[in-house]
Amino acid sequence: MTGSHIESHIDQPKTGHIPRRDIQGLRAIAVAAVIANHLLGFPQGGFIGVDVFFVVSGFLITGMLHREHLRNGRISFASFYRRRIRRIVPMSTLVLIVTVAAGYLLYLSAQARSVLVDAGWALAFAANWHLALEGTDYWNMGSVVSPLQHYWSLAVEEQFYLVWPWLLVIVPGLRLRSRALFITMAVVTGGSLLWSLWETAQHPTWAYFDTFSRAWELGIGALLAIAARRLASLPDRLRPWLAWTGLAMIIVSLVVVTENHFPAPWGLLPVAGTALVIIAGTGSDQRLLAPLTNRVSGYVGDISYSLYLWHFPVIILLALVMPSGLLYQLTALTLIVGLSIASYHLVENPIRQSSWLEPKTATPWEKHGPRFVRSNSGEWVPAHLLEVTSRQNRGLKAGVAALALSLGLTATAVLLPLGAGAEVTQPTASVGGQQAAAATGQAVSAAVTAKQFPQLNPSVDSLDTQAWLNSVADQGCLSWDTEPSETGPDTLKSCDAGNPAAEKRVVLLGDSYAAAWMPAVKKAYIAQNWYVQVVTKQQCPTASVSVTLVGGDAYPECDRHREWTLEMIRQTKPDLVILADAEDTPERLADHATGAAADAEITRGLTDTLAAITPNVGKTVVLAPPPAGKTLQGCVTRISHPADCTSTISAGWTHFSEALHSAAAQGNAQYVDTHLWFCTEDGRCPGFIGTTPVRVDDVHLTTTEAAALAPLLAEAIH
């Protein structure tokens, strides 16, 4: 990803100094795949472009180090890291500065600060660990997608190159022969691959971002570089077959690879394909490979680093000021390409070719004086200055033009939405029964058609999933690390409400979605002199199905917790049990069932749970989850409108609710459809109702909204 097009020139034993046009073509395919995946949502495996970059980078950088070692018997680490800094830091810093500035212009203060924090991690080349911590930490579920998320791959590369070159010095024997170097790299690569296979199975999110789980991909490229002289002796007749086979493997990867079982073993497919293309072109002129070696692919490969850096901030930030659709996609693509061309010619390439950070030495000019020539204007100027100006003039013109076009489009995209209409006063649902339902329906409709945001309470900046979940867990109402064997009467008492001596008792079961309903249940039933107990466990559904955690890790604790809960219900026989589960439960089934099979599994699992509960309670209720919506921290900006925060009911919610309804019918339980509490009849769901934000994130109800729904809940459970 980070090697320059100059670094794509490899010293070949057979043919001398040969430009690796095929490698530039690989870069072009890789960056195009990543951009298409993020902008258009297809191809589904577009993210494997990063893996192609890793192999290419490992090949180029290791080849450069290895050849220097063979020539000089040593490696200048100072020169190596100076080149890396010139190549990587200026452009990455520029994009970080622009993105942070845009974040403060567009986002509200809390989200803008979050972008600044992400920039700090990116600047320290540690973004991958930051994302790994967020991805495996359920407390951060539902957070806004960072416009700097893509910096994780840059961090992986630089961490690899922080360690790998030093092996040439530290490990005995590596300085003497290539075989020792190859064996050492093979051991490192093999160990990384084995680790990646294990970690992908056990901790998928960590594996995706873990440097050592990715090192084998760079290691494959490094092995090819070390073996370059031997690879150059391959028969020419085999090379086209190898190249086209490798290219086909990359294309197939784009279509068939998903994020399941990645980076290992599925990462082997694009990595092997990239390796075959590199092997085919080592020591040859890359004949008969036009898709990779044409001039367009070459230029896209040249600017691929800038394209990669700019694409994600443009896609994420432009979505804040433009509705999704073809115009948004075309505008985003134009901005990505324009900014990349401009920054490549104005920043990236000039700095990379400059003497910045090089030790001060006497130049030919300083030794012998400048050589002057006459310019087109008739003036005498230093010859070296005229040569540089002539060489870069065309690139600078293209850069300035692209920058002007990009800035013009950006200004247009930002300014067009600024005409806001008048604020609409919206009613709130604060009365009971049928009146509450009518008032809520009116408030939902008013929010959908509102032209301006009301003064929201709580404020958008105060919405914090971590703080909300912490507050619930601190009450003992949402277990996480607690083993089922430790769950007992004390745990139940820590999350109860009302009079323990009350004649009637209600138990709320489920995951964090159920915990979000807790204010509604307490408000509805304590007023009727009920005793309320909440038994919830994060990411653990009431349906008797085995699930994984959001990151893909195994979750056997959930099965044991459910068994304990059902036994508790059988022994205590409450008057009412309310079950509530997350909409994404079918996506986390341990057997990876999808579609109709997943829906059927949910229906069977919940039916089994109800069969165990219903005979032991007075009444059982299955509560439909609120449809997932947009995260207010992301859609409420300094220039946005309420419509930007309006979502629609997803097909996933519809299928899940149908599975719940079917199970309730089979299990002799009441099913409560809640979607009209949050959405209009035509399926439009605002981010706020009245002056209250509906969700803390994209799924969990705010405490205020849940409490406001108490009259509706009491009326619905008849």
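Placed from the backbone N, Cα and C atoms, the Cβ positions cover glycine too.
Where the annotation comes from TrEMBL, it is an automatic prediction and has not been curated.
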In TrEMBL, which of 112-130, 264-282, 511-529 is tagged transmembrane segment?
264-282
Given a Cβ distance threshold of under 8 angstroms, which distant residues of the chain, six or more beyond its ends, lie next to the transmembrane segment (241-258)?
22, 26, 29, 33, 43-46, 48, 52, 234, 266, 269-270, 272-281, 286, 288-289, 291-292
If contact means at least 3 Cβ pairs within less than 8 Å, sequence distance 6 or more, would you call the transmembrane segment (180-198) and the transmembrane segment (264-282) in contact?
yes
So, does the transmembrane segment (264-282) come close enough to the transmembrane segment (47-67) to give 3+ Cβ pairs below 8 Å, pairs being at least 6 apart in sequence?
yes
Report, as numbers and ranges, every residue of the chain located at least six residues beyond the transmembrane segment (264-282) whose Cβ falls under 8 Å of a Cβ in that stretch; write 'none' if there are none.
10, 12, 20, 22-23, 26, 45, 48, 51-52, 54-56, 59, 193, 196-197, 200, 207, 213, 216-217, 220-221, 224, 228, 231-232, 234, 238-243, 245-250, 252-253, 256-258, 289, 292
Apart from its near flanks, which chain residues at least 6 from the ends of the transmembrane segment (88-107) lie with a Cβ under 8 angstroms of it?
2, 115-116, 119, 122-123, 147-148, 151, 154, 158, 305-306, 309-310, 313, 317, 320-321, 343, 347-348, 351, 633, 637-639
